[in-house]
Amino acid sequence: MTYPIRQIDESAWPSINRVAEEAFSWTPAPGQSARYKAQTEFDRSLAAFDGEEMIGHTSSFGFTMTVPGARVPVAGVTWVGVLPSHRRRGVLSSLMRAQLADLRDRGEHVAALYASESSIYGRYGYGRASSHLSFRIDKPGSAFVRDWPQDPALRIRVVKPADVRSDIEKLFASVVARRPGRYDHNAAFWDSVLGDEDFDQHGAGPLRGLLAEDDGGVRGYALFRVQQKWTDGIADGELRLRGVEATDPAAYALLWRSLLDRDLVSQVVAHGRPVDDPIIALLADQRRLRVAVQDELWVRLVDVDRALASRAYTTPVDLVIEVEDDVCPWNAGRHRLTGGPSGATCEPVDDAPDVTLPVAALGSAYLGDGQLDEHLAAGLLREHSPGALRALAVAMSWSPKPWCGSGF
Ligand SMILES: CC(=O)SCCNC(=O)CCNC(=O)[C@H](O)C(C)(C)COP(=O)(O)OP(=O)(O)OC[C@H]1O[C@@H](n2cnc3c(N)ncnc32)[C@H](O)[C@@H]1OP(=O)(O)O
């Protein structure tokens, strides 16, 4: 049985909400549903119907995202859900195909998402494009290395985050282009983070903030909550990091030092941090960082030629890539990629291929995470010209490592 898919508008919000509440077993906090509605780009929303009943939904945000050497439009896919009554009947597959075709019609060539489960999106040509860390640092033993960067001009200011919104927005805008995977945050994003309407859901008090600044202005901020706790009469609080950004290493280090030194706190817990977070190098005893790694962004090249031509490459590259793509058949075939640090071209050709890759492998390498190396070592990719895959893997890798840091 197939279920028709239609673009929807704002009037469908109660149905979208219902699909999300049931699919995710989600109970919106007061005000949360209205906020999500305000963020939804209805002209980018598609739904599947069984008669009059909405049974599945997907949407996307129109982002500008940093990629190696450039900033490009990216569809940030979100709100994907299918009613429990209609699971495993191909509804998601139909929605994904319709969404990718729609993005192509709009002239958008890259899609990205955070997956609720990592086994879902590979079949639609998405590849794991970045990873992130969750970690806990116990305060005792959290000393920094002896030569950690310190700037006597810097000072810490305790703030209520909503009161310094423009400082926070400006600071974030100044760092967003530094690392692939980061996207511009609009007013609705900051409303949601700094408005802190659902703070009681976190069980750790309101959002708190610190600014690192000197006479010239703000050089960094940290956002966090603190869960108060006493164990056997001893202060045992937990500081939960929401975000920390800085323009320079000294400001970053000072913010972290202030978080780790907070009174009545025995540990700092952070989720969704970059795999090369400088805090790792700052800690003198790195075993104090109890860490877990997980997939973060999944990337899909909607239009292989335009996507590959939109980024820069670490080393010169000139290869014919044969792409396998049964979900977006317009991508299937051979493409010559010619490029280097200052840009690239990519065009369809009939020449003999140097490598054959599933489109998901290109998605996983797109932001520079070096995933092609892993796929190569795992024996998952085919090369026809010896050394071609290694050359492509090196060219597509990038420093710093990609990281998004803000789920959507
Ligand atoms: C970007 C985001 O929004 S991520 C959020 C995704 N949504 C959720 O996690 C909410 C809860 N889950 C759901 O709503 C649904 O189960 C969905 C959206 C994950 C799947 O929807 P369905 O309509 O059941 O998927 P559909 O029937 O099209 O399945 C297609 C294929 O994916 C597989 N699949 C579906 N869900 C999952 C899953 N959670 N894990 C692994 N495989 C899955 C199916 O087995 C099927 O495999 P096949 O192609 O080999 O036959």
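Quick reminder: no glycine exception, Cβ is built from N, Cα and C everywhere.
Summarising the annotation, TrEMBL assigns active site, proton donor to TYR121. DSSP assigns TYR121 (active site, proton donor) to a helical segment in the three-state reduction. Spatially close to TYR121 (active site, proton donor) yet at least six residues away along the chain are MET96, LEU113, ALA115, TRP298, ARG300, judged by Cβ distances under 8 angstroms.
Under the heading active site, proton acceptor, TrEMBL lists PHE408. Around the Cβ of PHE408 (active site, proton acceptor), the same chain contributes PHE61, GLY76, THR78, TYR114, TYR183, each under 8 angstroms and 6 or more positions distant in sequence.
ARG89 (acetyl-CoA binding site) falls outside any helix or strand according to DSSP and counts as coil. What TrEMBL records for VAL80, GLY81, VAL82, ARG88, ARG89, GLY90, VAL91, LEU92, SER93, SER116, GLU117 is acetyl-CoA binding site.
For the domain 'N-acetyltransferase' (3-163), the mean pLDDT of the prediction comes to 96. What TrEMBL lists as domain 'N-acetyltransferase' is 3-163.
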(message) Near ligand 1, which of the recorded positions show up if the criterion is a Cβ under 6 Å from one of its atoms? Options: VAL80, VAL82, VAL91, SER93, GLU117, PHE408.
(response) VAL80, VAL82, VAL91, SER93, GLU117
(request) Measure from the Cβ of GLU117 (acetyl-CoA binding site) and count the other Cβ atoms within 10 Å, all protein chains considered. (result) 7
(message) According to DSSP, does PHE408 (active site, proton acceptor) sit in a helix, a strand, or coil?
(response) coil
